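Taking it in order: structure first as C-alpha coordinates, then the write-up.
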(Lines of atoms letter the chains of each structure in order from A and count residues from 1; the text may use other names and numbers.)
(Lines give C-alpha, C1' and ligand atoms only; values in the text may rest on other atoms or scores of the structure.)
Protein backbone atom coordinates (compact mmCIF):
# COMPACT_ATOMS: atom_id res chain seq x y z
CA UNK A 1 0.00 0.00 0.00
CA UNK A 2 1.41 3.39 -1.01
CA UNK A 3 1.11 5.53 2.10
CA UNK A 4 2.62 8.61 0.47
CA UNK A 5 -0.04 8.84 -2.21
CA UNK A 6 -3.09 7.82 -0.21
CA UNK A 7 -5.59 9.89 1.74
CA UNK A 8 -8.34 8.89 4.15
CA UNK A 9 -11.34 11.05 4.93
CA UNK A 10 -13.35 10.42 8.08
CA UNK A 11 -16.69 11.88 8.97
CA UNK A 12 -14.98 14.46 11.22
CA UNK A 13 -11.66 15.35 9.68
CA UNK A 14 -9.28 14.53 6.83
CA UNK A 15 -5.83 13.05 7.40
CA UNK A 16 -3.02 13.64 4.96
CA UNK A 17 -1.06 10.39 5.06
CA UNK A 18 2.14 11.79 3.60
CA UNK A 19 3.27 11.44 7.19
CA UNK A 20 2.92 7.76 8.09
CA UNK A 21 2.39 8.70 11.76
CA UNK A 22 -1.05 10.00 10.82
CA UNK A 23 -2.02 6.58 9.51
CA UNK A 24 -0.70 4.93 12.66
CA UNK A 25 -2.74 7.34 14.77
CA UNK A 26 -5.84 6.63 12.70
CA UNK A 27 -5.22 2.91 13.14
CA UNK A 28 -5.01 3.27 16.93
CA UNK A 29 -8.03 5.56 17.08
CA UNK A 30 -10.10 3.16 15.00
CA UNK A 31 -9.09 0.31 17.31
CA UNK A 32 -9.99 2.21 20.48
CA UNK A 33 -13.31 3.46 19.08
CA UNK A 34 -14.62 0.32 17.39
CA UNK A 35 -12.61 -2.83 17.94
CA UNK A 36 -12.33 -3.20 21.73
CA UNK A 37 -15.48 -5.40 22.07
CA UNK A 38 -14.51 -7.89 19.35
CA UNK A 39 -10.91 -7.95 20.59
CA UNK A 40 -12.03 -8.74 24.13
CA UNK A 41 -14.40 -11.49 23.00
CA UNK A 42 -11.87 -13.12 20.67
CA UNK A 43 -9.16 -12.95 23.35
CA UNK A 44 -11.39 -14.77 25.84
CA UNK A 45 -12.37 -17.35 23.21
CA UNK A 46 -8.73 -17.91 22.30
CA UNK A 47 -7.67 -18.41 25.93
CA UNK A 48 -10.59 -20.74 26.71
CA UNK A 49 -10.06 -22.65 23.49
CA UNK A 50 -6.33 -23.20 24.00
CA UNK A 51 -6.76 -24.46 27.58
CA UNK A 52 -9.90 -26.45 26.81
CA UNK A 53 -8.61 -28.16 23.68
CA UNK A 54 -5.31 -29.03 25.37
CA UNK A 55 -7.34 -30.80 28.04
CA UNK A 56 -9.48 -32.47 25.37
CA UNK A 57 -6.41 -33.80 23.54
CA UNK A 58 -5.11 -35.35 26.77
CA UNK A 59 -8.47 -36.72 27.92
CA UNK A 60 -9.67 -38.23 24.64
CA UNK A 61 -6.36 -40.07 24.34
CA UNK A 62 -7.36 -41.86 27.54
CA UNK A 63 -10.62 -43.08 25.96
CA UNK A 64 -10.84 -46.56 24.43
CA UNK A 65 -9.72 -46.38 20.81
CA UNK A 66 -12.71 -46.27 18.45
CA UNK A 67 -13.53 -44.64 15.10
CA UNK A 68 -15.43 -41.79 16.72
CA UNK A 69 -12.68 -40.98 19.25
CA UNK A 70 -10.14 -40.89 16.40
CA UNK A 71 -12.32 -38.43 14.48
CA UNK A 72 -12.88 -36.36 17.63
CA UNK A 73 -9.13 -36.19 18.24
CA UNK A 74 -8.61 -34.90 14.69
CA UNK A 75 -11.25 -32.23 15.32
CA UNK A 76 -9.83 -31.27 18.73
CA UNK A 77 -6.39 -30.71 17.19
CA UNK A 78 -7.95 -28.51 14.49
CA UNK A 79 -9.84 -26.53 17.15
CA UNK A 80 -6.61 -26.06 19.09
CA UNK A 81 -4.84 -24.68 15.99
CA UNK A 82 -7.76 -22.31 15.43
CA UNK A 83 -7.58 -20.93 18.97
CA UNK A 84 -3.78 -20.90 19.25
CA UNK A 85 -2.91 -19.54 15.79
CA UNK A 86 -5.91 -18.32 13.79
CA UNK A 87 -7.58 -16.14 16.43
CA UNK A 88 -4.32 -14.34 17.40
CA UNK A 89 -3.65 -13.69 13.69
CA UNK A 90 -7.18 -12.31 13.41
CA UNK A 91 -6.46 -10.01 16.36
CA UNK A 92 -3.40 -8.70 14.53
CA UNK A 93 -5.58 -7.90 11.54
CA UNK A 94 -8.11 -6.13 13.76
CA UNK A 95 -5.47 -4.07 15.54
CA UNK A 96 -3.52 -3.00 12.44
CA UNK A 97 -6.35 -2.19 10.09
CA UNK A 98 -4.54 0.49 8.08
CA UNK A 99 -0.96 -0.55 8.83
CA UNK A 100 -1.14 -4.32 8.41
CA UNK A 101 2.43 -5.62 8.61
CA UNK A 102 2.69 -8.13 5.75
CA UNK A 103 0.89 -9.21 2.60
CA UNK A 104 2.22 -12.75 3.10
CA UNK A 105 0.85 -12.82 6.65
CA UNK A 106 -2.52 -11.68 5.33
CA UNK A 107 -2.67 -14.53 2.81
CA UNK A 108 -1.49 -17.06 5.39
CA UNK A 109 -4.12 -15.88 7.89
CA UNK A 110 -6.97 -16.25 5.44
CA UNK A 111 -5.68 -19.60 4.15
CA UNK A 112 -5.30 -21.08 7.65
CA UNK A 113 -8.67 -19.74 8.82
CA UNK A 114 -10.47 -21.23 5.82
CA UNK A 115 -8.49 -24.45 6.18
CA UNK A 116 -9.38 -25.03 9.83
CA UNK A 117 -13.02 -24.08 9.23
CA UNK A 118 -13.35 -26.51 6.30
CA UNK A 119 -11.58 -29.31 8.19
CA UNK A 120 -13.69 -28.96 11.34
CA UNK A 121 -16.90 -28.79 9.31
CA UNK A 122 -16.18 -31.88 7.20
CA UNK A 123 -15.08 -33.84 10.27
CA UNK A 124 -18.39 -32.99 11.93
CA UNK A 125 -20.22 -34.27 8.86
CA UNK A 126 -18.30 -37.56 8.93
CA UNK A 127 -18.92 -37.89 12.68
CA UNK A 128 -22.66 -37.37 12.19
CA UNK A 129 -22.76 -40.18 9.61
CA UNK A 130 -20.73 -42.47 11.87
CA UNK A 131 -23.06 -41.76 14.80
CA UNK A 132 -26.10 -42.37 12.62
CA UNK A 133 -24.80 -45.80 11.63
CA UNK A 134 -23.86 -46.63 15.22
CA UNK A 135 -27.23 -45.72 16.72
CA UNK A 136 -29.73 -46.27 13.92
CA UNK A 137 -28.15 -49.17 12.02
CA UNK A 138 -25.84 -51.04 14.43
CA UNK A 139 -25.96 -54.27 12.39
CA UNK A 140 -25.17 -52.64 9.05
CA UNK A 141 -21.97 -51.09 7.70
CA UNK A 142 -19.81 -49.45 10.36
CA UNK A 143 -16.73 -47.24 10.14
CA UNK A 144 -13.60 -49.17 11.09
CA UNK A 145 -10.54 -47.86 12.93
CA UNK A 146 -8.40 -48.07 9.84
CA UNK A 147 -10.94 -46.22 7.71
CA UNK A 148 -11.32 -43.52 10.36
CA UNK A 149 -7.57 -42.87 10.32
CA UNK A 150 -7.51 -42.78 6.52
CA UNK A 151 -10.53 -40.46 6.41
CA UNK A 152 -8.81 -38.03 8.77
CA UNK A 153 -5.77 -37.84 6.48
CA UNK A 154 -7.96 -37.45 3.38
CA UNK A 155 -9.92 -34.62 5.00
CA UNK A 156 -6.72 -32.76 5.88
CA UNK A 157 -5.43 -33.03 2.29
CA UNK A 158 -8.74 -32.17 0.59
CA UNK A 159 -9.37 -29.15 2.82
CA UNK A 160 -5.87 -27.85 2.06
CA UNK A 161 -6.71 -27.89 -1.65
CA UNK A 162 -10.09 -26.27 -0.97
CA UNK A 163 -8.34 -23.42 0.87
CA UNK A 164 -5.72 -22.70 -1.82
CA UNK A 165 -7.95 -20.18 -3.71
CA UNK A 166 -7.91 -17.94 -0.63
CA UNK A 167 -4.18 -17.34 -1.20
CA UNK A 168 -4.92 -15.72 -4.55
CA UNK A 169 -8.17 -13.99 -3.60
CA UNK A 170 -7.02 -12.34 -0.37
CA UNK A 171 -4.30 -9.79 0.29
CA UNK A 172 -3.74 -6.07 0.68
CA UNK A 173 -6.51 -3.85 -0.68
CA UNK A 174 -6.13 -0.11 -1.16
CA UNK A 175 -8.09 2.02 1.28
CA UNK A 176 -10.88 4.14 -0.15
CA UNK A 177 -11.30 7.85 0.42
CA UNK A 178 -14.64 7.54 2.21
CA UNK A 179 -14.36 6.32 5.79
CA UNK A 180 -17.70 4.53 5.65
CA UNK A 181 -16.40 2.49 2.73
CA UNK A 182 -13.11 1.53 4.33
CA UNK A 183 -14.25 -0.34 7.44
CA UNK A 184 -14.16 -3.70 5.64
CA UNK A 185 -10.98 -3.13 3.63
CA UNK A 186 -7.40 -4.04 4.44
CA UNK A 187 -6.67 -7.76 4.47
CA UNK A 188 -9.63 -8.81 2.36
CA UNK A 189 -10.55 -9.75 -1.19
CA UNK A 190 -8.00 -8.20 -3.53
CA UNK A 191 -9.04 -5.32 -5.70
CA UNK A 192 -8.36 -5.80 -9.37
CA UNK A 193 -9.68 -9.36 -9.28
CA UNK A 194 -12.73 -9.99 -11.39
CA UNK A 195 -15.83 -9.59 -9.26
CA UNK A 196 -16.99 -13.02 -10.33
CA UNK A 197 -14.05 -14.83 -8.73
CA UNK A 198 -14.60 -13.98 -5.04
CA UNK A 199 -18.37 -14.28 -5.43
CA UNK A 200 -18.02 -17.70 -7.06
CA UNK A 201 -15.71 -18.89 -4.30
CA UNK A 202 -18.03 -17.55 -1.60
CA UNK A 203 -21.06 -19.20 -3.23
CA UNK A 204 -19.16 -22.50 -3.51
CA UNK A 205 -18.26 -22.38 0.19
CA UNK A 206 -21.88 -21.54 1.06
CA UNK A 207 -23.19 -24.48 -1.00
CA UNK A 208 -20.75 -26.88 0.68
CA UNK A 209 -21.80 -25.62 4.11
CA UNK A 210 -25.49 -26.00 3.29
CA UNK A 211 -24.98 -29.54 2.00
CA UNK A 212 -23.07 -30.40 5.18
CA UNK A 213 -25.81 -28.85 7.29
CA UNK A 214 -28.46 -30.97 5.53
CA UNK A 215 -26.46 -34.17 6.00
CA UNK A 216 -25.91 -33.48 9.71
CA UNK A 217 -29.54 -32.45 10.20
CA UNK A 218 -30.91 -35.63 8.60
CA UNK A 219 -28.47 -37.85 10.50
CA UNK A 220 -29.16 -36.33 13.91
CA UNK A 221 -32.93 -36.17 13.37
CA UNK A 222 -32.88 -39.92 12.77
CA UNK A 223 -30.65 -40.42 15.80
CA UNK A 224 -32.92 -38.34 18.06
CA UNK A 225 -35.98 -40.33 16.93
CA UNK A 226 -34.25 -43.64 17.73
CA UNK A 227 -33.06 -42.41 21.12
CA UNK A 228 -36.57 -41.15 21.97
CA UNK A 229 -38.05 -44.56 21.16
CA UNK A 230 -35.41 -46.31 23.24
CA UNK A 231 -35.96 -44.01 26.21
CA UNK A 232 -39.72 -44.52 25.93
CA UNK A 233 -39.24 -48.30 25.93
CA UNK A 234 -36.99 -48.10 29.00
CA UNK A 235 -39.57 -45.93 30.75
CA UNK A 236 -42.34 -48.44 29.97
CA UNK A 237 -40.28 -51.32 31.35
CA UNK A 238 -39.63 -49.37 34.54
CA UNK A 239 -43.34 -48.52 34.88
CA UNK A 240 -44.35 -52.15 34.50
CA UNK A 241 -41.85 -53.17 37.15
CA UNK A 242 -43.14 -50.54 39.61
CA UNK A 243 -46.77 -51.50 38.90
CA UNK A 244 -45.95 -55.09 39.76
CA UNK A 245 -44.39 -53.97 43.04
CA UNK A 246 -47.40 -51.81 43.96
CA UNK A 247 -49.81 -54.70 43.31
CA UNK A 248 -47.78 -56.94 45.61
CA UNK A 249 -46.91 -59.11 42.67
CA UNK A 250 -43.56 -60.72 42.40
CA UNK A 251 -41.76 -58.77 39.65
CA UNK A 252 -40.15 -60.72 36.92
CA UNK A 253 -36.63 -61.34 38.07
CA UNK A 254 -33.73 -62.16 35.79
CA UNK A 255 -32.75 -65.00 38.14
CA UNK A 256 -32.28 -66.01 41.75
CA UNK A 257 -30.87 -63.45 44.13
CA UNK A 258 -28.66 -65.81 46.06
CA UNK A 259 -26.72 -68.88 45.26
CA UNK A 260 -28.78 -70.91 47.75
CA UNK A 261 -31.91 -70.77 45.62
CA UNK A 262 -31.82 -74.21 43.98
CA UNK A 263 -29.18 -73.44 41.34
CA UNK A 264 -26.20 -75.62 40.70
CA UNK A 265 -22.81 -73.86 40.81
CA UNK A 266 -22.44 -74.16 37.02
CA UNK A 267 -25.87 -72.60 36.40
CA UNK A 268 -25.14 -69.82 38.91
CA UNK A 269 -21.84 -68.99 37.22
CA UNK A 270 -23.56 -68.88 33.84
CA UNK A 271 -26.27 -66.64 35.26
CA UNK A 272 -23.82 -64.16 36.81
CA UNK A 273 -21.78 -64.12 33.62
CA UNK A 274 -24.89 -63.32 31.59
CA UNK A 275 -25.89 -60.52 33.96
CA UNK A 276 -22.38 -59.05 33.83
CA UNK A 277 -22.34 -59.08 30.03
CA UNK A 278 -25.75 -57.42 30.00
CA UNK A 279 -24.57 -54.66 32.35
CA UNK A 280 -21.42 -54.11 30.29
CA UNK A 281 -23.48 -53.91 27.10
CA UNK A 282 -25.93 -51.45 28.68
CA UNK A 283 -23.09 -49.24 29.95
CA UNK A 284 -21.42 -49.28 26.55
CA UNK A 285 -24.69 -48.33 24.90
CA UNK A 286 -25.27 -45.53 27.45
CA UNK A 287 -21.76 -44.15 26.83
CA UNK A 288 -22.34 -44.25 23.09
CA UNK A 289 -25.64 -42.42 23.47
CA UNK A 290 -24.06 -39.77 25.71
CA UNK A 291 -21.25 -39.19 23.22
CA UNK A 292 -23.79 -38.89 20.40
CA UNK A 293 -25.76 -36.24 22.30
CA UNK A 294 -22.51 -34.42 23.07
CA UNK A 295 -21.54 -34.38 19.39
CA UNK A 296 -25.05 -33.30 18.40
CA UNK A 297 -24.75 -30.23 20.63
CA UNK A 298 -21.22 -29.53 19.35
CA UNK A 299 -22.46 -29.69 15.76
CA UNK A 300 -25.34 -27.34 16.61
CA UNK A 301 -22.92 -24.81 18.10
CA UNK A 302 -20.73 -25.01 14.99
CA UNK A 303 -23.61 -24.26 12.67
CA UNK A 304 -24.83 -21.52 15.02
CA UNK A 305 -21.47 -19.79 14.55
CA UNK A 306 -21.82 -20.19 10.79
CA UNK A 307 -25.31 -18.66 10.94
CA UNK A 308 -23.89 -15.67 12.85
CA UNK A 309 -21.29 -15.17 10.11
CA UNK A 310 -23.87 -15.43 7.32
CA UNK A 311 -26.17 -13.02 9.18
CA UNK A 312 -23.36 -10.48 9.35
CA UNK A 313 -22.65 -10.85 5.63
CA UNK A 314 -26.34 -10.36 4.84
CA UNK A 315 -26.36 -7.34 7.14
CA UNK A 316 -23.44 -5.80 5.25
CA UNK A 317 -25.09 -6.44 1.89
CA UNK A 318 -28.57 -5.16 2.74
CA UNK A 319 -27.73 -2.14 4.92
CA UNK A 320 -26.17 1.01 3.54
CA UNK A 321 -22.57 1.69 4.69
CA UNK A 322 -23.58 4.82 6.59
CA UNK A 323 -26.29 2.92 8.48
CA UNK A 324 -23.93 0.02 9.19
CA UNK A 325 -21.48 2.41 10.83
CA UNK A 326 -23.80 2.59 13.85
CA UNK A 327 -23.64 -1.17 14.47
CA UNK A 328 -20.05 -1.66 13.42
CA UNK A 329 -18.97 -3.27 16.70
CA UNK A 330 -21.82 -5.77 16.54
CA UNK A 331 -20.98 -6.55 12.93
CA UNK A 332 -17.31 -7.15 13.80
CA UNK A 333 -18.35 -9.75 16.38
CA UNK A 334 -20.96 -11.51 14.24
CA UNK A 335 -18.79 -11.77 11.13
CA UNK A 336 -16.25 -13.78 13.15
CA UNK A 337 -18.84 -16.18 14.53
CA UNK A 338 -17.05 -19.12 12.90
CA UNK A 339 -14.49 -18.99 15.74
CA UNK A 340 -17.15 -19.78 18.34
CA UNK A 341 -17.21 -23.56 18.04
CA UNK A 342 -13.47 -24.03 18.51
CA UNK A 343 -13.65 -22.52 21.99
CA UNK A 344 -17.03 -23.86 23.09
CA UNK A 345 -16.53 -27.52 22.11
CA UNK A 346 -14.35 -28.41 25.15
CA UNK A 347 -16.94 -26.85 27.45
CA UNK A 348 -19.62 -29.04 25.86
CA UNK A 349 -17.44 -32.13 26.31
CA UNK A 350 -17.01 -31.33 30.01
CA UNK A 351 -20.68 -30.55 30.73
CA UNK A 352 -22.35 -33.37 28.79
CA UNK A 353 -19.96 -36.30 29.08
CA UNK A 354 -19.56 -37.68 32.61
CA UNK A 355 -16.68 -39.85 31.46
CA UNK A 356 -14.81 -36.73 30.30
CA UNK A 357 -15.20 -35.20 33.76
CA UNK A 358 -14.14 -38.43 35.44
CA UNK A 359 -11.01 -38.69 33.27
CA UNK A 360 -10.19 -35.05 34.08
CA UNK A 361 -10.37 -35.82 37.79
CA UNK A 362 -8.18 -38.90 37.36
CA UNK A 363 -5.67 -36.90 35.30
CA UNK A 364 -5.29 -34.15 37.90
CA UNK A 365 -5.30 -36.66 40.75
CA UNK A 366 -2.38 -38.47 39.12
CA UNK A 367 -0.53 -35.16 38.72
CA UNK A 368 -1.08 -34.27 42.39
CA UNK A 369 0.03 -37.72 43.53
CA UNK A 370 3.16 -37.62 41.36
CA UNK A 371 4.04 -34.17 42.74
CA UNK A 372 3.55 -35.32 46.32
CA UNK A 373 5.69 -38.39 45.72
CA UNK A 374 8.47 -36.31 44.17
CA UNK A 375 8.47 -33.97 47.18
CA UNK A 376 8.96 -36.90 49.53
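Yeah, the Cβs are placed from backbone N, Cα and C, and that goes for glycine too.
Any TrEMBL annotation is an automated prediction that lacks curation.
Which of 12-34, 150-172 counts as transmembrane segment depends on TrEMBL, and there it is 150-172. Among the ranges 174-200, 201-227, the stretch that TrEMBL annotates as transmembrane segment is 201-227. Nonlocal intrachain contacts for the transmembrane segment (111-129), taken as residues 6+ away from its ends with a CB within less than 8 angstroms of a stretch CB, comprise 68, 71-72, 74-75, 78-79, 81-82, 85-86, 89-90, 143, 151-152, 155-156, 158-160, 162-164, 166-167, 170, 205, 208-209, 212, 215-216, 219-220, 295, 298-299, 302, 306, 338, 341-342. In summary, the transmembrane segment (36-59) lies against the transmembrane segment (329-352): three or more C-beta pairs, each 6 or more positions apart in sequence, are under 8 Å.
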